[in-house]
Amino acid sequence: MLSSLLFLLACLAIFFIAGWQLVLDWILHAASTVNIPTRTLFSLMFSSSCALLLLVILEVRDTFSVEARLIFWKLNLYASLANVLILLPMYQIMVLASNSHHAVIRRNALQLTAVGYCSFIFVFWRIDVHSQSSLGSQDTASLVSHLIGRVGVVGVTLMALLSGFGAVNNPYTNLSIFLRTVTDSDIQKAESRLIQTVEITLDKKRRLMQTEQSNMVSAMVFGQHIFISYFQNKPVWNNGYSIMETNIATMKSEIEAQELMLDSLFMDLDDLLVDKERLKEAKTLRGVFNNIFGYIFSVYCIFKTIMAAVNIMFRRQGETDPVTRTLDILVHNVGIELDVNLWAKDISFLLLGVLVIVSVRGLLVQFAKVSVAFSSSISQTSIILFMAHTMGFYFLSVVLMLRVNLPVQQRARIETIFGNVEFNFYLHWFDVIFFLSAITSMAILYFIDQMKRKSNIY
């Protein structure tokens with residue numbers, strides 16, 4: 001048992017170091033601006049999340065002693081819950097208050113942190129109470145089960161939203177039938193319009209600068225007139241100065257509108273260039289293979305969406321994992337002789353490994369995109385703390401959802417560790433949010449595609 005615990009602790013340390021380096025090298029590319037407490041919290045959350053996924057795989061393989069796994073399960077569950085519910089939200093609120101542009105908020109950062117954290121706990125507790133009561137489930141038997149249940153609602157919702165969007169967006173972005181035909185003439189027109197808009201914007205900025213300089217001279221002259229009129233007891237009129245102030249405000253509004261148009265034109269031109277490159281790649285051997293796999297994945301996404309709708313309508317809840325069910329069909333209907341229990345365990349292990357790797361990689365890729373998108377407007381500390389918080393909710397929920405891919409024996413162990421958590425509720429909730437997310441994403445992508453096709457740029 002001692003050797004098992006030492007090995008698991010060594011894995012935890014490796015995950016912590018990986019999380020630390022992840023923050024330094026991959027996501028941020030500028031670690032000097034991130035303080036040590038932020039990197040530590042992210043690394044702790046990353047290590048405990050990866051350890052939970054490792055424990056699921058170890059349960060399938062039945063590796064190491066049961067006592068060591070149970071101790072490690074509790075250690076990581078408690079650490080994950082403490083991070084998600086106490087350390088991360090409290091520190092995140094404190095960072096936001098301390099870095100505020102308003103001096104009043106900065107002076108009262110501690111008080112606002114206390115109020116914000118109490119509000120977070122209140123909303124967090126109420127969300128799950130409503131969700132579970134709507135499905136008629138009972139209160140769980142322990143505080144840990146209560147907390148896991150509430151974390152599960154938030155995390156499963158996040159998983160379902162991302163999965164529903166991915167089920168629609170991946171076929172849309174990968175299949176060649178959705179690619180627009182882009183010619184060199186289209187790109188030249190877009191570039192010409194962009195250059196023209198840049199020239200207009202620069203001209204407006206030059207005129208604004210000249211007007212502001214003239215306004216400064218007028219303000220100095222007006223001030224001198226006021227000083228002289230004070231001794232001569234004469235009224236001073238400032239109509240010209242007021243009109244110039246109004247003109248400056250109007251010109252600034254026009255420049256802001258031009259800059260928004262520039263951003264839109266840059267994005268349109270970038271879309272054209274990307275689509276042209278994708279059209280070229282689609283004609284290569286690699287593009288043909290990607291297109292074939294895209295069709296296969298599209299069929300899976302359509303099947304997943306239809307099955308989610310069927311599960312919602314008929315309240316279906318899978319009691320047999322997909323691997324065992326598939327092997328049973330092969331044995332009883334096709335006539336293949338297999339040891340179902342043995343093969344179900346091995347195939348489930350491989351499937352879980354793939355799912356774990358895909359889940360970790362997919363979430364980290366999204367984190368990298370978020371960091372790039374918001375790095376100019378939001379501090380890196382806030383971005384990293386948000387990533388860590390999201391990761392905690394996400395991976396705790398991944399463990400809950402992976403239960404359906406486990407054979408019955410391993411399911412019983414997971415249920416014992418998590419307590420009286422309503423697993424069937426999360427399956428139903430995932431199907432509901434997944435279906436709504438897929439339908440909404442389909443409508444949004446269709447609308448965006450139609451708007452692009454009707455644009456006069458193309």
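These residue numbers are counts, starting from 1, taken along the chain as shown.
Placement of Cβ uses the backbone N, Cα and C atoms for every residue, glycine included.
Remember, TrEMBL labels are computer predictions, not curated facts.
For 143-208, the entry in TrEMBL reads domain 'Golgi pH regulator conserved'.
Annotation comment: TrEMBL describes 281-447 as domain 'Abscisic acid G-protein coupled receptor-like'.
The transmembrane segment annotation in TrEMBL covers 6-28 (among others).
Distant neighbours of the transmembrane segment (40-58): 8, 11-13, 15-20, 22-23, 64, 69, 72-73, 76-77, 79-80, 83-84, 87-88, 91, 349, 352-353, 356, 359-360, 384-385, 387-389, 391-392, 394-396, 398-399, 402, 406, 414; these residues of the same chain sit at least 6 beyond its ends, with a Cβ under 8 Å from one of its Cβ atoms. Look at TrEMBL and you will find 40-58 (among others) tagged as transmembrane segment.
Residues 37-38, 41, 44-45, 48-49, 52, 105-106, 108-110, 112-113, 116-117, 120-121, 124, 144, 147-148, 151, 379, 381-382, 385-386, 388-389, 392-393, 395-396 of the same chain sit 6 or more residues outside the transmembrane segment (78-97) yet have a Cβ under 8 Å from a Cβ within it. Feature annotation from TrEMBL assigns transmembrane segment to 78-97 (among others).
What TrEMBL lists as transmembrane segment is 109-127 (among others).
Residues annotated as transmembrane segment in TrEMBL: 147-168 (among others).
Sequence annotations record features per position, and here TrEMBL assigns transmembrane segment to 292-314 (among others). Sequence-distant contacts of the transmembrane segment (292-314) (same chain, at least 6 residues past either end, Cβ-Cβ under 8 Å): 167-168, 170-171, 174-176, 427-428, 431-432, 434-435, 438.
TrEMBL lists 347-364 (among others) with the feature transmembrane segment.
Feature annotation from TrEMBL assigns transmembrane segment to 384-406 (among others).
According to TrEMBL, the feature transmembrane segment maps to 426-448 (among others).
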Per-region confidence, the domain 'Golgi pH regulator conserved' (143-208) (mean pLDDT, whole number):
82
For the domain 'Golgi pH regulator conserved' (143-208), what are the DSSP-based totals of helix, strand and coil residues?
60 helix, 0 strand, 6 coil
